[in-house]
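> The structure is given below, and queries will be raised subsequently.
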Amino acid sequence: MTINQNNSNHTFSSHNLDNSPHKINKLINKFSDYIWPIKRQELSKFLFITLLMFCILFIQNLIRALKDSIVTTMIGAETISFLKFWGVMPCAFLMTAIYVKLVNRMKAENIFYLIISIFLAFFALFAYVIFPNHEILHLSPTTAQNLIASLPNLKWFILLLSKWSFSLFYIIAELWPNVAFALLFWQFVNNITTVEESKRFYPLFGLLSQTGIYLAGQFLENLSHINEYVVAKFSLQASFHTLSVQIILTIVLILGIVGIKTFWLLNHKVLDKEHMALLRFKAKKKTMTIAESFQMILSSRHIRLIATLLICYGIAINLVEGPWKAAATKIYKTPTEYAAFIGNYLSYTGAFTILFVVLGSNIVRKLGWFTAAIITPIIVFTTGILFFAVNNFESSAGLIVASFILTDPALIAITIGAIQNVLSKSSKYTLFDSTKEMAYVPLDKEIKIKGKAAADVLGTKLGKSGSAFLQSLVFIILPSASYQSISVCLMFIFIITCLIWFWAVKELNKEYKKSVKFSQ
C-alpha cells in the first residue's frame, strides 16, 4: 500500500511538473496575444495599413501646426474664427459635392490618387512658388489699410483677402483631416478589413495615431535646428521663415509620395483579389437635413442631452483656443517660433493621450459611466478658468510673484493655456468620445441610428461653427476689438457653457441608467 501510495504521489508530482511549462506557455501566449493580437498571415496587411495611416496623420499634424503658425503670426489670431466659419465650412460642403460626383464616375483606387495628388500639388506650389513670393502676390499693406479705413466693419475680411494665399493654405490644410483621413483612409480600411480583424487592428491604430502626434511635435520643436543645419550644409540664401515652410512641406511631399506608393502596394501586392472586389468608395448615405436633425433631437431627451455635450465641448474649446493663440503671438512672433511652440504642445498632447488611453478603460470599468463622463468637463472648466483668470488679470500680486519664476508674465497665460489644451484634447479623444458612444448603446435601433446622425450633425457643427460665427460677429460689429479686449466677455460665456455641460452630464447619466435598465 505504501509503495503504491508513493508511486501514485510520484506520478501526480510528475504530472504537475509536466503541466507547469504548458501552463506558463499558455499564459505567455495569452499575454502576447493581448499586447500584439495580429496574426502572422495578417502582418503585411496590418503593417502597410499602419504605414499609410502614419503618413496621413504625420502630414495632418505638420500642416495643422503650419497653418496656425502662418495665419496667427502673419495675419492675426482673430482671423481664425472668420476662416473656420466663412472659409472652411463652405469649402467642406463643396468638397463633399465633388467627392459624390467622383464616386459615381471613377474607380475607388483612382479617386484616392487624384485627391491626394491635388493636395500635394498645392502644397508644393505653396512651398516653392507662392510663399517665397507672397509679398508680390498679396495686396500691398498701404492699399489694405486704406480699404480698412473706408470699410472698418469689414476689416478682418479685407485682411484675409489681402493675404489670400495664407487664407487659402489654411482652408486646404483644414480640409486634409476630413478628406484624406476621415473619408479616403477610413473608407478604404473599412472595406478591406473584416469585423473580426477590426477588433484587433483598430485599438492599435488608435495608439499609433497618438505616436504620430508625438513624433510630429518633436520634429517641429527642432525645426530651427534643422533649418540652421540645412542652411550650413547647402549654403542656401532663402529667408529663415521661407526655408522653415519649405522644410515642413518637403517632408509633407515625401510622406505623401510614400503614402501613395503604400496605397498602390496594398492594392496590387498585399491584398488578394477577394479583398479588392470589396473596394468601392461610397458616397455617404443620404444624411439627415438640418430640419430633420432638429426634429429628431426634439423628439428624444436622451439624444438632446448628447447633442448638448457635443455643442458645449465645441464652444468651450474654441472660446479658450482663440485667446490662447493670440497670447502666444506676443512671445512667438514668427512662423518658425510659433511652429516650434505648437510642436511642443503636440508632443505633450500625444504623450498624455496615450496615458488617458491606458487609464480610460479602467476608469469606465471600475468607476462607471458618470465618473468617466464628468472628467472632461471638469478638466476643461478648471484649466479654462485658470487661463482666463491669468489672461484677464495678469497684473495681480500673485502673478507678479509667478512672473519671477517664468521670467515673462505673458508666459504664464500661454503655459496655462497650453496645459488646458493638452489635457482637454487628451481627455476628449479618450474619455469624452468613449462615454458619448456608450450613451447610444442602450437605445433602440431606430433612435440609435437616427439619433446618432442627428446629434453628430448638429452637435459637432453647432459647437465648432457656432462658436466661430459668434466670435467673428463680435469682430465685425467691433472692428477695433481683439481677443485681449473681449477676453472677459468670452470668460463669462465659457462659464455658462461649462455649467450647462455639467448639468447635461448629470441628466444624461439618469437617462443612461434608465435606458440600460429598460433594455435588460
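FYI, residue positions are counted from 1 along the chain as it appears here.
Each Cβ is built from the backbone N, Cα and C atoms, and glycine gets one as well.
Feature annotation from Swiss-Prot assigns transmembrane segment to 43-63, 80-100, 111-131, 166-186, 201-221, 240-260, 305-325, 339-359, 370-390, 399-419, 462-482, 485-505; the stated evidence is sequence analysis.
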> Hey, which of 111-131, 339-359, 462-482, 485-505 has the most Cβ-Cβ pairs under 8 Å against the transmembrane segment (240-260)?
111-131
> Taking residues 6+ outside the transmembrane segment (305-325), which of them lie with a CB under 8 Å of any CB in it?
68, 72, 77-78, 80-81, 297, 376-377, 380-381, 384, 387-388, 391, 413-414, 417-418, 420-421, 424-425, 428, 432, 436, 439-440, 451, 454-456, 458-460, 462-464, 466-468, 471, 483-484, 487, 490, 493-494, 497-498, 500-501, 504-505, 507-508, 511
> If you count every Cβ pair below 8 Å, which range out of 43-63, 80-100, 111-131, 201-221, 485-505 shares the most with the transmembrane segment (166-186)?
80-100
> With Cβ distances under 8 Å as the criterion, find the stretch in 43-63, 80-100, 339-359, 462-482, 485-505 that has the most pairs with the transmembrane segment (370-390).
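It is 485-505 that shares the most Cβ pairs under 8 Å with the transmembrane segment (370-390).
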> Taking the transmembrane segment (80-100) as the reference, which of 201-221, 339-359, 462-482 gives the largest number of Cβ pairs under 8 angstroms?
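Highest pair count goes to 462-482.
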> Let me spell it out: take the transmembrane segment (201-221), skip the flanking residues so only those 6+ beyond its ends count, and list any with a Cβ under 8 Å from a Cβ in it.
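For the transmembrane segment (201-221), the sequence-distant neighbours (Cβ-Cβ under 8 Å, at least 6 residues beyond its ends) are 37-38, 46, 49-50, 53-54, 57-58, 61-62, 65, 193, 248, 251, 339-340, 342-351, 353-354, 357, 429.
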